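Beneath this line is the structure, given in C-alpha coordinates, with notes to follow.
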Amino acid sequence: MSHSRRRMSDFVDTSTVTWNHLAHLVGAAAIAGWLPDDIRHILGPRCEALLHRAASLIPSSLPPGPVRTAWLQVSPPADPSLPREELTSWLDQLGRCGRFADAPIVSPADVSAATGASGHRGSGRDSDPQDKIRRKVEALLRKAESTEYEEEAQALVARAQALQQAHRLHVAGSEAHLSAEELGKRIISQRAYVHGPYINHKCVLLSAIANANGVCALLMDPRGIVVLIGTPEDTAHVADLFASLSRQCEYFLEYSPGARQAKQQRRTAPYRRSFRLSFAQRIAQLLQEANTTAAEDDTVGGTAAASDSAAVSTAQPATGAAINSPSSAVELLNRRAEAAELVTDQIFPGRRNMQMSSTDAHGYADGAKAAERSHLRGDSAGVETGRRALTA
(Lines of atoms letter the chains of each structure in order from A; the text may use other names.)
(Lines give C-alpha, C1' and ligand atoms only; values in the text may rest on other atoms or scores of the structure.)
Protein backbone atom coordinates (compact mmCIF):
# COMPACT_ATOMS: atom_id res chain seq x y z
CA MET A 1 0.00 0.00 0.00
CA SER A 2 1.40 3.39 -0.95
CA HIS A 3 2.04 5.95 1.76
CA SER A 4 -0.50 8.35 0.23
CA ARG A 5 -3.28 5.82 0.72
CA ARG A 6 -2.60 5.14 4.38
CA ARG A 7 -4.90 6.61 6.99
CA MET A 8 -3.95 8.79 9.92
CA SER A 9 -5.19 6.02 12.23
CA ASP A 10 -2.44 3.78 10.80
CA PHE A 11 0.18 6.06 12.37
CA VAL A 12 -1.58 7.06 15.62
CA ASP A 13 -2.44 4.95 18.65
CA THR A 14 -6.15 5.71 18.79
CA SER A 15 -6.37 4.60 22.42
CA THR A 16 -4.40 7.72 23.38
CA VAL A 17 -6.45 10.12 21.28
CA THR A 18 -8.80 12.40 23.19
CA TRP A 19 -11.71 14.46 22.01
CA ASN A 20 -9.50 17.50 22.39
CA HIS A 21 -7.20 16.01 19.76
CA LEU A 22 -10.14 15.74 17.39
CA ALA A 23 -11.27 19.26 18.25
CA HIS A 24 -7.82 20.55 17.30
CA LEU A 25 -8.04 18.64 13.99
CA VAL A 26 -11.37 20.35 13.33
CA GLY A 27 -9.68 23.64 14.17
CA ALA A 28 -6.93 22.93 11.65
CA ALA A 29 -9.59 22.23 9.03
CA ALA A 30 -11.31 25.53 9.86
CA ILE A 31 -8.03 27.40 9.38
CA ALA A 32 -7.83 25.68 5.97
CA GLY A 33 -11.24 27.11 5.05
CA TRP A 34 -13.62 24.36 6.17
CA LEU A 35 -17.09 25.39 7.35
CA PRO A 36 -19.16 23.61 10.03
CA ASP A 37 -21.42 22.18 7.31
CA ASP A 38 -18.37 20.76 5.52
CA ILE A 39 -17.40 18.86 8.68
CA ARG A 40 -20.99 17.70 9.16
CA HIS A 41 -20.97 16.33 5.63
CA ILE A 42 -17.93 14.10 6.16
CA LEU A 43 -18.56 13.10 9.80
CA GLY A 44 -22.34 12.73 9.86
CA PRO A 45 -25.09 13.96 12.20
CA ARG A 46 -23.50 12.70 15.43
CA CYS A 47 -20.64 15.22 15.35
CA GLU A 48 -22.51 18.21 16.83
CA ALA A 49 -20.89 17.91 20.25
CA LEU A 50 -17.44 17.77 18.64
CA LEU A 51 -18.23 20.82 16.49
CA HIS A 52 -19.37 22.77 19.52
CA ARG A 53 -16.21 21.88 21.44
CA ALA A 54 -14.05 22.85 18.47
CA ALA A 55 -15.98 26.08 17.90
CA SER A 56 -14.90 27.34 21.33
CA LEU A 57 -11.26 27.10 20.19
CA ILE A 58 -11.47 28.13 16.54
CA PRO A 59 -12.48 31.84 16.34
CA SER A 60 -9.32 33.08 18.04
CA SER A 61 -7.27 31.34 15.34
CA LEU A 62 -9.15 32.82 12.39
CA PRO A 63 -9.10 36.31 10.89
CA PRO A 64 -12.41 38.18 10.54
CA GLY A 65 -14.38 36.82 7.62
CA PRO A 66 -17.16 34.44 6.60
CA VAL A 67 -15.44 31.27 7.86
CA ARG A 68 -14.93 32.75 11.33
CA THR A 69 -18.52 34.01 11.37
CA ALA A 70 -19.85 30.56 10.50
CA TRP A 71 -17.94 28.95 13.37
CA LEU A 72 -19.12 31.61 15.81
CA GLN A 73 -22.69 30.60 14.97
CA VAL A 74 -22.33 26.92 15.97
CA SER A 75 -25.03 26.25 18.56
CA PRO A 76 -24.82 23.95 21.60
CA PRO A 77 -25.89 20.41 20.66
CA ALA A 78 -29.16 18.87 21.77
CA ASP A 79 -27.17 15.75 22.67
CA PRO A 80 -23.83 16.64 24.32
CA SER A 81 -22.57 13.05 24.35
CA LEU A 82 -19.49 12.10 22.34
CA PRO A 83 -19.75 8.70 20.57
CA ARG A 84 -16.51 6.91 21.43
CA GLU A 85 -17.08 4.33 18.71
CA GLU A 86 -16.74 7.03 16.04
CA LEU A 87 -13.26 8.14 17.13
CA THR A 88 -11.19 6.05 14.72
CA SER A 89 -13.40 6.87 11.74
CA TRP A 90 -13.46 10.59 12.51
CA LEU A 91 -9.70 10.63 13.02
CA ASP A 92 -9.30 9.22 9.52
CA GLN A 93 -11.83 11.60 7.94
CA LEU A 94 -10.37 14.72 9.57
CA GLY A 95 -6.87 13.67 8.55
CA ARG A 96 -7.86 14.02 4.89
CA CYS A 97 -9.07 17.62 4.93
CA GLY A 98 -7.38 19.69 2.25
CA ARG A 99 -7.36 23.45 1.86
CA PHE A 100 -10.29 25.47 0.49
CA ALA A 101 -8.84 28.48 -1.30
CA ASP A 102 -12.29 30.08 -1.70
CA ALA A 103 -12.51 30.92 2.02
CA PRO A 104 -12.26 34.73 1.52
CA ILE A 105 -15.40 34.82 -0.67
CA VAL A 106 -17.37 31.86 0.70
CA SER A 107 -20.97 32.52 1.69
CA PRO A 108 -22.12 29.96 4.29
CA ALA A 109 -25.83 29.17 4.25
CA ASP A 110 -26.32 30.32 7.85
CA VAL A 111 -24.50 33.61 7.17
CA SER A 112 -26.53 34.16 3.97
CA ALA A 113 -29.74 33.64 5.88
CA ALA A 114 -28.68 36.27 8.40
CA THR A 115 -27.73 38.84 5.81
CA GLY A 116 -30.35 38.17 3.16
CA ALA A 117 -29.73 37.43 -0.52
CA SER A 118 -28.55 40.96 -1.12
CA GLY A 119 -25.67 40.48 1.31
CA HIS A 120 -26.74 43.31 3.64
CA ARG A 121 -27.75 42.92 7.25
CA GLY A 122 -31.40 43.56 7.88
CA SER A 123 -32.63 42.46 4.46
CA GLY A 124 -35.87 40.75 5.40
CA ARG A 125 -37.41 37.91 3.46
CA ASP A 126 -40.54 39.91 2.72
CA SER A 127 -38.67 42.84 1.16
CA ASP A 128 -35.90 41.03 -0.71
CA PRO A 129 -36.78 40.70 -4.43
CA GLN A 130 -34.48 37.73 -5.01
CA ASP A 131 -36.02 35.86 -2.11
CA LYS A 132 -39.51 36.35 -3.54
CA ILE A 133 -38.34 34.99 -6.88
CA ARG A 134 -36.69 32.07 -5.13
CA ARG A 135 -39.88 31.17 -3.28
CA LYS A 136 -41.82 31.23 -6.56
CA VAL A 137 -39.23 28.99 -8.20
CA GLU A 138 -39.29 26.59 -5.24
CA ALA A 139 -43.10 26.43 -5.42
CA LEU A 140 -42.95 25.55 -9.12
CA LEU A 141 -40.38 22.82 -8.47
CA ARG A 142 -42.43 21.34 -5.62
CA LYS A 143 -45.49 21.29 -7.86
CA ALA A 144 -43.46 19.61 -10.61
CA GLU A 145 -42.45 16.85 -8.20
CA SER A 146 -46.00 16.25 -6.99
CA THR A 147 -48.00 16.25 -10.23
CA GLU A 148 -49.15 12.99 -11.80
CA TYR A 149 -48.84 14.36 -15.33
CA GLU A 150 -45.48 14.20 -17.05
CA GLU A 151 -46.06 17.01 -19.54
CA GLU A 152 -47.29 19.34 -16.81
CA ALA A 153 -44.28 18.56 -14.63
CA GLN A 154 -41.80 19.13 -17.45
CA ALA A 155 -43.50 22.44 -18.24
CA LEU A 156 -43.27 23.48 -14.58
CA VAL A 157 -39.54 22.78 -14.41
CA ALA A 158 -39.03 24.74 -17.63
CA ARG A 159 -41.15 27.59 -16.27
CA ALA A 160 -39.11 27.67 -13.06
CA GLN A 161 -35.89 27.98 -15.06
CA ALA A 162 -37.43 30.57 -17.39
CA LEU A 163 -38.61 32.62 -14.39
CA GLN A 164 -35.16 32.52 -12.85
CA GLN A 165 -33.59 33.38 -16.20
CA ALA A 166 -35.95 36.34 -16.69
CA HIS A 167 -34.94 37.63 -13.27
CA ARG A 168 -31.26 37.10 -14.12
CA LEU A 169 -31.78 39.13 -17.30
CA HIS A 170 -33.35 41.95 -15.32
CA VAL A 171 -30.51 42.01 -12.79
CA ALA A 172 -27.93 41.72 -15.57
CA GLY A 173 -29.44 44.81 -17.18
CA SER A 174 -29.04 46.71 -13.91
CA GLU A 175 -25.39 45.61 -13.83
CA ALA A 176 -24.57 46.82 -17.35
CA HIS A 177 -22.93 50.00 -16.05
CA LEU A 178 -20.56 48.07 -13.77
CA SER A 179 -16.96 47.54 -14.76
CA ALA A 180 -15.57 44.01 -14.90
CA GLU A 181 -13.80 44.65 -11.60
CA GLU A 182 -17.00 45.89 -9.94
CA LEU A 183 -18.96 42.93 -11.27
CA GLY A 184 -16.29 40.59 -9.96
CA LYS A 185 -16.87 41.91 -6.45
CA ARG A 186 -20.40 40.46 -6.60
CA ILE A 187 -19.05 36.94 -7.11
CA ILE A 188 -19.19 34.61 -4.10
CA SER A 189 -18.65 30.93 -3.51
CA GLN A 190 -21.17 28.57 -1.96
CA ARG A 191 -20.66 24.98 -0.86
CA ALA A 192 -22.88 22.19 -2.16
CA TYR A 193 -22.92 18.64 -0.85
CA VAL A 194 -23.29 15.47 -2.90
CA HIS A 195 -23.88 12.17 -1.13
CA GLY A 196 -22.61 8.81 -2.30
CA PRO A 197 -22.68 6.46 -3.97
CA TYR A 198 -21.82 7.62 -7.51
CA ILE A 199 -20.63 11.04 -6.35
CA ASN A 200 -18.77 11.84 -9.58
CA HIS A 201 -21.77 10.93 -11.72
CA LYS A 202 -24.15 12.95 -9.55
CA CYS A 203 -21.79 15.89 -9.92
CA VAL A 204 -22.34 15.85 -13.69
CA LEU A 205 -25.96 16.87 -13.07
CA LEU A 206 -24.81 19.64 -10.74
CA SER A 207 -22.39 20.83 -13.42
CA ALA A 208 -25.13 20.88 -16.06
CA ILE A 209 -27.31 23.07 -13.85
CA ALA A 210 -24.39 25.34 -12.96
CA ASN A 211 -23.40 25.83 -16.60
CA ALA A 212 -26.95 26.85 -17.50
CA ASN A 213 -26.92 29.51 -14.79
CA GLY A 214 -23.52 31.17 -15.20
CA VAL A 215 -21.93 29.35 -12.26
CA CYS A 216 -18.62 27.47 -12.04
CA ALA A 217 -18.70 24.15 -10.15
CA LEU A 218 -15.61 22.44 -8.75
CA LEU A 219 -15.43 19.14 -6.88
CA MET A 220 -13.09 20.10 -4.05
CA ASP A 221 -13.19 16.90 -2.03
CA PRO A 222 -13.91 13.39 -3.34
CA ARG A 223 -16.29 12.88 -0.43
CA GLY A 224 -18.74 15.16 -2.23
CA ILE A 225 -17.96 18.77 -1.30
CA VAL A 226 -18.48 21.05 -4.30
CA VAL A 227 -17.69 24.75 -4.57
CA LEU A 228 -20.14 26.85 -6.61
CA ILE A 229 -18.78 30.22 -7.78
CA GLY A 230 -21.09 32.90 -9.17
CA THR A 231 -23.44 35.64 -8.03
CA PRO A 232 -25.38 34.97 -4.80
CA GLU A 233 -28.71 34.55 -6.60
CA ASP A 234 -27.26 32.25 -9.26
CA THR A 235 -25.48 29.93 -6.83
CA ALA A 236 -28.60 29.73 -4.64
CA HIS A 237 -30.75 28.80 -7.64
CA VAL A 238 -28.25 26.14 -8.74
CA ALA A 239 -28.35 24.54 -5.29
CA ASP A 240 -32.16 24.57 -5.19
CA LEU A 241 -32.60 23.16 -8.69
CA PHE A 242 -29.98 20.47 -8.07
CA ALA A 243 -31.85 19.30 -4.96
CA SER A 244 -35.14 19.07 -6.88
CA LEU A 245 -33.77 17.34 -9.97
CA SER A 246 -31.74 14.94 -7.83
CA ARG A 247 -34.94 13.77 -6.15
CA GLN A 248 -36.51 13.25 -9.55
CA CYS A 249 -33.53 11.25 -10.79
CA GLU A 250 -33.55 9.05 -7.68
CA TYR A 251 -37.23 8.27 -8.14
CA PHE A 252 -36.76 6.92 -11.64
CA LEU A 253 -33.67 4.96 -10.69
CA GLU A 254 -35.70 3.27 -7.98
CA TYR A 255 -38.93 2.58 -9.86
CA SER A 256 -38.28 2.52 -13.61
CA PRO A 257 -38.73 -0.86 -15.40
CA GLY A 258 -35.22 -0.55 -16.82
CA ALA A 259 -33.74 -0.29 -13.32
CA ARG A 260 -35.57 -3.42 -12.18
CA GLN A 261 -34.39 -5.29 -15.27
CA ALA A 262 -30.81 -4.16 -14.70
CA LYS A 263 -30.99 -5.47 -11.13
CA GLN A 264 -32.24 -8.85 -12.34
CA GLN A 265 -29.40 -9.02 -14.87
CA ARG A 266 -26.82 -7.94 -12.27
CA ARG A 267 -25.76 -4.83 -14.15
CA THR A 268 -27.09 -2.29 -11.66
CA ALA A 269 -23.85 -0.30 -11.31
CA PRO A 270 -23.19 0.37 -15.04
CA TYR A 271 -26.91 1.00 -15.58
CA ARG A 272 -27.05 3.60 -12.81
CA ARG A 273 -23.87 5.35 -13.93
CA SER A 274 -25.06 5.56 -17.55
CA PHE A 275 -28.55 6.63 -16.45
CA ARG A 276 -27.16 9.53 -14.42
CA LEU A 277 -24.91 10.74 -17.22
CA SER A 278 -27.72 10.69 -19.78
CA PHE A 279 -30.17 12.31 -17.36
CA ALA A 280 -27.70 15.14 -16.75
CA GLN A 281 -27.03 15.67 -20.45
CA ARG A 282 -30.72 15.87 -21.29
CA ILE A 283 -31.37 18.22 -18.37
CA ALA A 284 -28.59 20.45 -19.71
CA GLN A 285 -30.39 20.63 -23.06
CA LEU A 286 -33.77 21.38 -21.44
CA LEU A 287 -32.30 24.17 -19.31
CA GLN A 288 -30.55 25.75 -22.27
CA GLU A 289 -33.82 25.62 -24.23
CA ALA A 290 -35.61 27.36 -21.36
CA ASN A 291 -32.86 29.99 -21.24
CA THR A 292 -33.13 30.60 -24.99
CA THR A 293 -36.89 31.00 -24.74
CA ALA A 294 -36.53 33.49 -21.89
CA ALA A 295 -33.95 35.52 -23.82
CA GLU A 296 -36.07 35.59 -26.98
CA ASP A 297 -39.17 36.63 -25.05
CA ASP A 298 -37.48 39.27 -22.93
CA THR A 299 -38.05 42.68 -24.52
CA VAL A 300 -38.25 46.21 -23.21
CA GLY A 301 -41.95 45.81 -22.51
CA GLY A 302 -41.54 42.58 -20.53
CA THR A 303 -42.33 38.94 -21.19
CA ALA A 304 -44.73 36.24 -20.25
CA ALA A 305 -42.05 34.67 -18.08
CA ALA A 306 -40.84 37.98 -16.75
CA SER A 307 -44.36 39.05 -15.84
CA ASP A 308 -44.21 36.55 -12.98
CA SER A 309 -41.32 38.54 -11.54
CA ALA A 310 -42.46 42.04 -12.48
CA ALA A 311 -43.87 42.89 -9.08
CA VAL A 312 -40.69 42.00 -7.26
CA SER A 313 -38.19 43.16 -9.86
CA THR A 314 -39.05 46.83 -9.46
CA ALA A 315 -36.94 46.99 -6.33
CA GLN A 316 -33.81 46.48 -8.43
CA PRO A 317 -31.85 49.55 -9.62
CA ALA A 318 -33.18 51.11 -12.80
CA THR A 319 -29.71 52.02 -14.04
CA GLY A 320 -28.49 49.76 -16.83
CA ALA A 321 -28.90 48.70 -20.41
CA ALA A 322 -32.25 47.97 -21.99
CA ILE A 323 -32.59 44.42 -23.26
CA ASN A 324 -33.79 44.85 -26.82
CA SER A 325 -32.75 41.56 -28.40
CA PRO A 326 -31.73 38.01 -27.57
CA SER A 327 -28.15 38.88 -28.48
CA SER A 328 -27.98 41.77 -26.00
CA ALA A 329 -29.53 39.55 -23.32
CA VAL A 330 -26.96 36.85 -23.96
CA GLU A 331 -24.14 39.40 -23.85
CA LEU A 332 -25.28 40.68 -20.47
CA LEU A 333 -25.49 37.19 -19.00
CA ASN A 334 -22.16 36.27 -20.55
CA ARG A 335 -20.56 39.09 -18.53
CA ARG A 336 -21.77 37.41 -15.35
CA ALA A 337 -20.48 34.01 -16.44
CA GLU A 338 -17.14 35.52 -17.45
CA ALA A 339 -16.85 37.25 -14.07
CA ALA A 340 -17.43 33.91 -12.34
CA GLU A 341 -14.86 32.23 -14.60
CA LEU A 342 -12.29 34.95 -13.91
CA VAL A 343 -12.67 34.67 -10.14
CA THR A 344 -12.51 30.87 -10.39
CA ASP A 345 -9.30 31.03 -12.43
CA GLN A 346 -7.75 33.40 -9.90
CA ILE A 347 -8.59 31.18 -6.93
CA PHE A 348 -8.12 27.78 -8.56
CA PRO A 349 -5.56 28.18 -11.37
CA GLY A 350 -4.84 24.44 -11.49
CA ARG A 351 -8.38 23.17 -12.08
CA ARG A 352 -8.98 20.44 -14.62
CA ASN A 353 -12.04 18.91 -16.23
CA MET A 354 -13.47 15.60 -15.08
CA GLN A 355 -14.56 13.32 -17.93
CA MET A 356 -16.78 10.23 -17.72
CA SER A 357 -18.34 7.92 -20.27
CA SER A 358 -21.42 5.72 -20.49
CA THR A 359 -21.10 1.93 -20.67
CA ASP A 360 -24.73 0.79 -20.55
CA ALA A 361 -26.96 1.60 -23.54
CA HIS A 362 -30.20 0.80 -21.70
CA GLY A 363 -29.28 3.04 -18.78
CA TYR A 364 -28.30 5.84 -21.15
CA ALA A 365 -31.61 5.63 -23.04
CA ASP A 366 -33.68 5.47 -19.86
CA GLY A 367 -31.83 8.44 -18.36
CA ALA A 368 -32.71 10.65 -21.33
CA LYS A 369 -36.36 9.63 -21.11
CA ALA A 370 -36.45 10.23 -17.36
CA ALA A 371 -35.12 13.76 -17.79
CA GLU A 372 -38.28 14.59 -19.73
CA ARG A 373 -40.60 13.20 -17.05
CA SER A 374 -41.36 14.67 -13.68
CA HIS A 375 -44.14 12.77 -11.90
CA LEU A 376 -41.56 12.17 -9.20
CA ARG A 377 -41.59 11.86 -5.45
CA GLY A 378 -38.04 10.87 -4.75
CA ASP A 379 -36.00 11.73 -1.69
CA SER A 380 -32.28 12.51 -1.49
CA ALA A 381 -30.15 12.68 1.65
CA GLY A 382 -27.50 15.07 1.65
CA VAL A 383 -8.60 15.45 -0.89
CA GLU A 384 -7.24 14.53 -3.73
CA THR A 385 -5.83 18.03 -3.59
CA GLY A 386 -6.34 18.64 -7.30
CA ARG A 387 -9.46 20.65 -8.01
CA ARG A 388 -11.70 19.23 -10.71
CA ALA A 389 -14.05 21.39 -12.70
CA LEU A 390 -17.30 19.58 -13.37
CA THR A 391 -18.34 19.23 -16.99
CA ALA A 392 -21.56 17.73 -18.31
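Yeah, the Cβs are placed from backbone N, Cα and C, and that goes for glycine too.
Just so you know, TrEMBL annotations are computer predictions that nobody has curated.
Summarising the annotation, TrEMBL assigns compositional bias 'Basic and acidic residues' to 123-132 (among others).
Residues or ranges marked as compositional bias 'Basic and acidic residues' in TrEMBL: 369-378 (among others).
According to TrEMBL, the feature domain 'DUF2786' maps to 132-170. Per-residue pLDDT, averaged along the domain 'DUF2786' (132-170), amounts to 78 for this model.
What TrEMBL records for 201-302 is domain 'DUF7168'. Across the domain 'DUF7168' (201-302), DSSP helix (H, G, I), strand (E, B) and coil residues number 74 helix, 12 strand, 16 coil.
According to TrEMBL, the feature region 'Disordered' maps to 112-132 (among others).
The feature region 'Disordered' is assigned by TrEMBL to 353-392 (among others).
Taken residue by residue, the domain 'DUF2786' (132-170) breaks down under DSSP into 36 helix, 0 strand, 3 coil.
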